[in-house]
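K.L.:
The domain 'MacB-like periplasmic core' feature in TrEMBL is assigned to A:20-242. According to TrEMBL, the feature transmembrane segment maps to A:21-41, A:289-309, A:345-365, A:385-407, A:428-457, A:686-708, A:741-761, A:773-795. The domain 'ABC3 transporter permease C-terminal' annotation in TrEMBL covers A:295-412, A:692-805.
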Amino acid sequence: MFKNFFITLFRNFSRNKFYTTINIVGLSVGLICTILILLFVQDELSYDKYNVNHERIIRLGSDFTLSGKRDRVATSPLPFGPTFAEEFPEVEQFVRFQGSGRQQFKYDDKEFYEEHIAFADSSVFTIFSFPLLKGDPQKALTQPYSIVLNETLAKKYFNGEDPIGKILLVGENTAYTVSGVMKDLPSNSHFKYNAFYSMKTLESIRGAEQFNSQQPISFWSFNNYTFLLLKENSEADAILEKFPAYYEKYMKELGDQLGVSYKLIIQHLEDIHLRSQLQWDAPTGNIKYIYILTAIAIFILSIASINYMNMATARSSKRAKEVGIRKVVGAQRDNIIRQFMMESISLTVFALIIALICVELLLPLFNQLVNKDLTLSILDTPEVILFNVILAVLLGLISGSYPALYLSSIQPVFILKGRNGKGGANGFLRKLLVISQFTVSAMMISGTIIVASQFLYMNSMDVGFNKKDIVVSVIRDSVLRTRIDALKMELKKNPNIKAVATSSSLIGFGGSKTVHLYESDEGMQQYALNFNVIDFDYIDLMEMNILKGRNFNREIPSDTINAFIVNESAAIKFNWGENALGKKLQVGVEIEGVEDGGEVQLGEVIGVIRDFNYQPLKDLIEPMNLIVSENPDYRRNLHVKINSENKKETLLYIQKVWNEFCPNMSFGYSFLDDRMKENYEPEERLTWIFSIFSLISILIASMGLFGLSSFMAEQRTKELGIRKVLGASVAKLVYLLTREFIRLIVIANIVAVPISYWALSAWLSDFPYHISIGIWIFVVTLIVSLVIGLFTVAWQSYRAASSDPIKAIKYE
Amino acid sequence: MINTKNLIKVFRTDEVETTALNNVNLEINKGEFVAIMGPSGCGKSTLLNIIGLLDNPSEGELHFNGYQVENYTERQRTNLRKENIGFVFQSFNLIDELTVFENVELPLLYMKVSGAERKRRVNEALERMNIAHRAKHFPQQLSGGQQQRVAIARAVISNPKLILADEPTGNLDSANGEEVMNLLTQLNEEGTTIIMVTHSPSDADRSHRIIQLFDGHIVTENMRQKL
Ligand SMILES: Nc1ncnc2c1ncn2[C@@H]1O[C@H](COP(=O)(O)OP(=O)(O)OP(=O)(O)O)[C@@H](O)[C@H]1O
Ligand SMILES: [Mg+2]
């Protein structure tokens, strides 16, 4: 029985190479996309689950509201770790991470800048599954000035030597002893750390007493990532429930004084990557993209599956005779159904095999696109492969179901009379299927246009300053910070350098926030205001617009003491309207009984600046205050505006000057606009993914249309011949053949509009600055689908229409 | 063996209603060789299909081998048909994608006969139809006469009690037609009941009895005495 099925199957396939090829290619490509997306999704979902304890690890975040301004951050105060361990019996252990930014590492003659390094408590290796290749996980981080490197760094600096006990110079010649080598963190880790300094180092820098201080003020500085390992069978909710008492004990008094309300955020480790939307978090994935990709996979598969159904039913009159004969000689309906199901399943399984081979070949490319390290193997990803086998069988079942049901219902008498079942209902369904295919394609096209436009928009939007040709570099050397003026002079000697300025935080990446007091009708009010400390050249260099008042002025020394420039949003937020100039503003507040409450600076507004996007465009512009200062501590970011020509020479010049001023640290730089582009990397990636997959879906749909139109043309050969003999022109005939398809494509586009509109609005609503969905997008989509559709259909139609009519009539 | 009472078949297509069979009463006994004749469109094929359980009558009774079958479901008809009836058609109706051997084997597949048994029976039938040397060929590679012999081999493979032949010589030249008729006659002599639709008086001569159809009615039944 089986043998007979397969014989018919293969002979049928080989006799209809054209249709079989279209089907197999369509299904394979569909499966390739699905497998790739599946690997991606599976990897995203696997984040942090490599940790043996992942189910018991939680992160403490902070949700605080100061004068109506709410912030939700991924960080928590330093004392949370130890006090939580004391207060909550659910906590088994804690570990804190404090990032340290880019640092220069030096061993012998090897000297590089390194990123993703953090101070960590020694418990890190017991809580997380970061295996040590060398060193004792219990003790590696117990001593001050010890460092654990990952394998890559260890190789880089100690190539071959045993790194344990060696001295690594960090930054301005701080000596760390290497106490361990850990395996590189897996790629599906939300941590990207390459090395850990011991937390004890910070303790020894700051002094044990201050570091371990449980003074109220220590609880109000959120500068740590705190992770807790819960005891077996403990619930994180229990901590949340008991937190009010904790708050009462440690935080309430000062909180009330500051006017801050505080809520604890508890996140499970495995939710951090996809479901965390907190500030100051590691770059994370986005569950939305998982949904989008999954939808795309389903779309592409359904298009391929519809192709199969369409062609199988279109060719049904050819298969009908076979069905009739089988029935006459004794086949029951379910024999026939089984046969056609087997046929489609064999086809999809065959397509799956091709797809698996192609995925293997395409993975390196795809990895580059999604910036991952995905592999496909029975050993590493058995569930993916198993899932795909099931998927292929299911796909075969679904694709085969309609042709099978349809064909098996054919009555033998009809066929044996030579009356081919033309089937009106069948034609209607075919139309419906073509419409749904092109609906999906149209949605993909609109999606691509929108995603790409949004991406371009964010990159080219007027951000309120000119980000072009600005070289930025972080100044870590404290000596250099004191010599900025001399550095500026030296740099400006080069005619290609237009301006040099410094600031405390880098524009486009958020800033610092602190409590301010602002003047209002009810006296001075509190507000957590963003601020940036800049120098006198900064606003000019950035080409920002002063709307009212004046810029900071070197000639007016008091500017560094009591002058502020606020942005429009601040003027609006504080209800200053047109009268912002001269209003009082104070940076920081005095806190009774706390000495180290930070400096307080009272002054007035001398200028209002046009809003500029100091944060990534994913956030709305918030009120902001600019403070001018010559204090070296704030000169953390060097900005050099250069000529757009001769960049290379200019950069070499800057480097040369830098090396003269700061021989112990090499010059690391980037261009501001490149840095800002990195903020939109997820969108850029999505643009690519969308473009590629929508191209593929359109391709598969077109292939199906091509097959269908070939079939239709073939079926109507005789009719066309007669029409031609009667005087119809080729153009008329082509029109006759394509008219129907054009109608279907137009209908599909109309159906797609509301769905696309809804889905894309939802996506865009995440962006405070986004394009609007214009009608033009749908018009372009229609034109694109029509061009593609017409091109596909017209070729076959033209061939049929221009063939010799005599032959056509004879053809039976 | 076959008994019909007031058999009526009406085809409805859109607006047109065609009465293909009108009150057909018929009795066919075991071992008979019956020819059905009549002008084109008079309902011969329709009658044959109903007798062959490929189709249900609109009204009337049909008795087959003692079963009353006119209301049988498709499944029941198929079950009865595959054990008892073989078909031969004017246009051969072989499956193009299958070889001669596989075409003949087909009915046995649906009867769940074992592989070895199938092979034996198919070879025997092909031998008998004198077409064994073409077992591995495809239908298109054979002449019309050869194809019809394959079709007959397929019709007899399940040892049916009844063979229905709808113009079996209609597409054949006289020599090949003669051969096909010889085979059918031989089968009949071995005990198989045969009902054959034909336009050829000489073919009809081979039968025991000729039923004349006209416009859905039986007009005459000529009993012929076999010499
Ligand atoms: N499926 C059908 N739908 C509608 N009408 C049908 C159908 N099958 C047969 N008919 C009609 O029933 C009548 C009898 O047809 P049938 O095929 O039985 O004739 P026939 O005697 O076999 O003719 P021929 O000698 O040409 O084969 C005809 O008028 C035909 O048009
Ligand atoms: Mg007929």
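Note: Cβ is positioned from N, Cα and C throughout, glycine not excepted.
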K.L.:
Which bits of the chain, at least 6 residues beyond where the transmembrane segment (A:773-795) starts or stops, bring a Cβ under 8 A of a Cβ in it?
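P.N.:
Distal contacts: 438, 441-442, 445-446, 449-450, 453, 698, 702, 705-706, 709, 734, 737-738, 741-742, 745-746, 748-749, 752-753, 756-757, 760-761, 764.
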K.L.:
So if I exclude everything within five residues of the ends of the transmembrane segment (A:686-708), which remaining residues of that chain have a CB under 8 angstroms from its CBs? That is, six or more out.
P.N.:
18-19, 22-23, 25-26, 29-30, 33, 289, 292-293, 296, 299-300, 303-304, 306-307, 310-311, 314, 369-370, 430, 434, 437-438, 440-441, 444-445, 447-448, 451-452, 455, 741, 785, 788-789, 792-793, 795-796
K.L.:
As a quick check of your reading of DSSP, tell me how many residues in the domain 'ABC3 transporter permease C-terminal' (A:295-412) are helical, how many are strand and how many are coil.
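P.N.:
For that range the per-state counts are 99 helix, 0 strand, 19 coil.
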K.L.:
Let's see if you can do this one: DSSP helix, strand and coil counts over the domain 'ABC3 transporter permease C-terminal' (A:692-805), in that order.
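P.N.:
Split into helix, strand and coil, the domain 'ABC3 transporter permease C-terminal' (A:692-805) gives 96 helix, 0 strand, 18 coil.
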